[in-house]
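> This is the structure, below, for whatever I ask next.
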Amino acid sequence: MATPPKRFCSSPSTSSEGTRIKKISIEGNIAAGKSTFVNILKQVCEDWEVVPEPVARWCNVQSTQDEFEELTTSQKSGGNVLQMMYEKPERWSFIFQSYACLSRIRAQLASLNGSLRDAEKPVLFFERSVYSDRYIFASNLYESDCMNETEWTIYQDWHDWMNSQFGQSLELDGIIYLRATPEKCLNRIYIRGRDEEQGIPLEYLEKLHYKHESWLLHRTLKTNFEYLQEVPILTLDVNLDFKDKEESLVEKVKEFLSTT
């Protein structure tokens, strides 16, 4: 029996063939269409995978694909932290943002050891990143007085430490910004009918839109991560229904990937 060839000993961000896994974050406002968009992308190419936001964990519900996954300690203890945050933001914003970032890091790190390890041209699409966790959502809650000075300081310290431990594995090769007006996002919130989000006011979406524009369109938002200033960004107008221009959007993504 012939001895099988030795396989390349790969790092978490490298496929078993030695090809680096491209990591692309899909960013945008609440209900801009990120979940719909990543579902489109994962059907395009077998070398493309997506890591959806772990919303089920935030709502303390096991999603279908996690049917056999062991519950985390936080899930066993109960509590819909997403709903708690929306209902009483001054009390729960710090808890929610910390857990949202933790669960995101856990999901994204786990994905690096998935089926893409055998892919020829692997691309991993994250539904949001640890950077929007901090510089869009947590920052907005602090500026809206939903986090006090002590909580914000602790959150930033914790975020810096988590990134010092795991951030290199999650560094982005590109960002796709799904750009939609706050009014369109509010309409989509009503349509998708997620109970926790039904009380979101337009003003909240407008604040998040402004931050996304500053970070991803005008590139004036400052972060602690210098490399982000040079990360390529593809901006897609998604005010229209994806069904009307799905093929065009996919082609733009392919072209973007060829240059990153």
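Don't overthink the numbers, they just go from 1 along the chain as shown.
Note that Cβ sites are derived from N, Cα and C of the backbone, with glycine treated the same way.
Sharing the record's features from Swiss-Prot:
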type	residues	note
ACT_SITE	E127	active site, proton acceptor
BINDING	28-36, 188-192, 240-242	ATP binding site
BINDING	E53, Y86, Q97, R128, D133, E197	substrate binding site
MOD_RES	S11	phosphoserine
MOD_RES	S15	phosphoserine
MOD_RES	T72	phosphothreonine
MOD_RES	S74	phosphoserine
> Are any of K34, Q97, D133, R188, I191, E197 (the binding-site residues) within 10 Å of E127 (active site, proton acceptor) when you go C-alpha to C-alpha, and if so which?
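Passing the 10 Å Cα cut: K34.
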> Determine the C-alpha span of the substrate site listed in the record, that is the greatest distance between any two of E53, Y86, Q97, R128, D133, E197, in Å to the nearest whole number.
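Spelled out: the longest distance between any two Cα atoms in E53, Y86, Q97, R128, D133, E197 is 19 Å.
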> So, in DSSP terms, is E53 (substrate binding site) helix, strand, or coil?
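Once the DSSP labels are grouped into three classes, E53 (substrate binding site) ends up as coil.
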> What three-state secondary structure does DSSP assign to K34 (ATP binding site)?
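The three-state answer is helix.
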> Please report the distance from the Cα of Q97 (substrate binding site) to the Cα of G28 (ATP binding site), rounded to the nearest angstrom.
17
> Provide the number of Cβ atoms within 10 Å of the Cβ of D241 (ATP binding site), excluding the reference atom itself.
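So the number of other Cβ atoms within 10 Å of D241 (ATP binding site) is 11.
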